[in-house]
Amino acid sequence: MTDDKDVLRDVWFGRIPTCFTLYQDEITEREAEPYYLLLPRVSYLTLVTDKVKKHFQKVMRQEDISEIWFEYEGTPLKWHYPIGLLFDLLASSSALPWNITVHFKSFPEKDLLHCPSKDAIEAHFMSCMKEADALKHKSQVINEMQKKDHKQLWMGLQNDRFDQFWAINRKLMEYPAEENGFRYIPFRIYQTTTERPFIQKLFRPVAADGQLHTLGDLLKEVCPSAIAPEDGERRNQVMIHGIEPMLETPLQWLSEHLSYPDNFLHISIIPKQTD
């Protein structure tokens, strides 16, 4: 893995200033003040909002509280998507802080998975990591790790410990020198303009002639509408971690440096704002 540790650090410590407000129809015993928090982009909503939950529960009666869920401008927020992805996809063009509405009733069964405990988040996270390593190394690296290594990855994410996480995760980012990259690149492409949750296909980082595939090559093959200019002008932004990487960027480099902790590149295709 090339030594761009600053990039890894910048990605890890990316934060989104957020204002949580209780939904107006929730029953409270006194007024609920908004709660402000810097959300880590690489984490999951249900992992980092214990303080939010406690803050609002203080003004509510026990019988009015059921499972907490979050919504932005009418869209329920999927807790199993990383926070940075949710923001890029739904709110990247809006002013900060990000205004999230908190609910304790009327759980939207059709839109959201239940999150009964932190164990559910851990299970989802580890399952994504295993899927990513199946694509990259035929699962060899993750299967050779001990249980305590898997735990260290999870605890590193849960407790926001960069060094603890990367001490193990770097092994998942290595590949034999003669191969120039992973077997396949773990990626998911998301668009708000379609019903499909995301696009995911097998895509190699290196072409048959040895050339490194780029982000542009990937999009051209699996989601051409994202970059095909109509009238010569691109209508979409391609975003990872709140930035628009150049389409010429090698996919292998992106996979090593801009993947989320689950080892996937989560790529958002966002329609450009028309003034």
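Residue positions begin at 1 at the first shown residue.
Glycine is treated like the rest: Cβ placed from N, Cα and C.
The domain 'Autophagy protein ATG5 UblA' annotation in TrEMBL covers 11-104.
Residues annotated as domain 'Autophagy protein ATG5 alpha-helical bundle region' in TrEMBL: 119-174.
If you look up TrEMBL, you'll see 184-269 marked as domain 'Autophagy protein ATG5 UblB'.
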DSSP-assigned states of the domain 'Autophagy protein ATG5 UblB' (184-269) in counts, ordered helix, strand, coil: 18 helix, 23 strand, 45 coil
Helix-strand-coil residue split for the domain 'Autophagy protein ATG5 alpha-helical bundle region' (119-174), DSSP-based: 47 helix, 0 strand, 9 coil
Mean predicted confidence [pLDDT] for the domain 'Autophagy protein ATG5 UblA' (11-104): 91
